[in-house]
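Structure record follows, encoded as structure tokens.
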Amino acid sequence: MEAVLQTRGLLSLPPKPTKASSLLNPSQGLNHRLFASKPLGFNGLCLFYRRVPSVVAKPNGVPFICKAKAASAADGKQPFFNENEKPKFMGIEILTLKKIIPLGLMFFCILFNYTILRDTKDVLVVTAKGSSAEIIPFLKTWVNLPMAIGFMLLYTKLANVLSKKALFYTVIVPFIAFFGAFGFLLYPLSNYIHPQALSDKLLAVLGPRFLGPLAIMRIWSFCLFYVMAELWGSVVISVLFWGFASQITTVEEAKRFYPLFGLGANVALIFSGRTVKYFSNLRKNLGPRVDGWAISLKEMMSIVVLMGFTICFLYW
């Protein structure tokens, strides 16, 4: 016997299953054995029996067949049990917002720092004493490229040893520490740590053809700042952020929200550009004997460090 209890979202079995011997009684007609004569209904539930000539179970020594299934009612009434819908805000699940909003803020802070560093590094290197725009190709070829390759090799080694959380902090904290140290230590002491006299002697011996390489040695701390600013864009943005975003978001979430990250990037560029302009104008109001560049650099590096710790907090 196959018992089917039709309801919406409710499964049940008949309380008294019929013996298989009664199903196989040859005295009953074929139509009576295959189909129940009359369905039993109560309170919106419909119970009917259909006879089948097979035996699938034998509980308590009595073979019988029963089957239960749920069917949606056609009367349009509400179901007895509804699946709990996940809470949403503006059509977006709260769980998704808990991932997307911190990711958007992280991307904003990373690009805010990158714009400040990108605008600062070129001016710092080109306008330094004993340097010129000729230093840029040498920096990109003989300093930036080898350090980028070396960093990727080191990152690969660390990825095999450290956890993802420890790897993120291990990579981003040195950047934050360096930019803070540059603004408050390396730049104020640049007149003492740069080998100006040695570079002048070598330039007199080797000739102007070596102006670019000697300029790198002459202002080595500025060149290190240039390389670290370049690595911030390629490492923190491309490797750390997008790797972390791909790790915690699904494909459907990426299709919906990755374009919004690009919109947030444009907003970050606006704010960082206004910040750089503000500190550039601040130097005009200082006295003639005050190093306005050092003061503005300290302020901007303080903002970079603050944004860096904000990135770490959002990741946490």
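Start at 1 and count along the chain as shown; that gives each residue its number.
Cβ atoms here come from the backbone N, Cα and C positions, even for glycine.
Non-local neighbours of the transmembrane segment (100-117) in the same chain are 92, 179, 228-229, 232-233, 236-237, 241, 244-245, 248-249, 253, 257, 260-261, 264-265, 267-269, 271-273, 275-276, 300, 303-304, 307-308, 310-311, 314-315; each lies 6+ residues outside the stretch with a CB under 8 Å from one of its CB atoms. The transmembrane segment annotation in TrEMBL covers 100-117 (among others).
According to TrEMBL, the feature transmembrane segment maps to 137-155 (among others). Here the transmembrane segment (137-155) has Cβ contacts under 8 Å with residues 125, 167, 171, 212-213, 215-216, 223, 226-227, 230-231, 234-235, 239 of the same chain, all six or more residues outside its ends.
Sequence-distant contacts of the transmembrane segment (167-189) (same chain, six or more residues past either end, CB-CB distance under 8 Å): 117, 155, 158-159, 221, 224-225, 228, 231-232, 235-236, 239-240, 244, 294, 297-298, 300-302, 304-305, 308-309, 311-312, 315. The transmembrane segment feature in TrEMBL is assigned to 167-189 (among others).
TrEMBL lists 219-245 (among others) with the feature transmembrane segment. Through the fold, the transmembrane segment (219-245) approaches residues 103, 106-107, 110-111, 113-114, 117-118, 120-122, 124-125, 128-131, 135, 139, 143-144, 147-148, 151, 155, 164, 168, 171-172, 175, 178-179, 182, 186-187, 190, 193-194, 254, 258, 261, 315 of its own chain, all at least 6 residues removed from its boundaries and within a Cβ separation under 8 Å.
Feature annotation from TrEMBL assigns transmembrane segment to 257-273 (among others).
What TrEMBL lists as transmembrane segment is 293-315 (among others).
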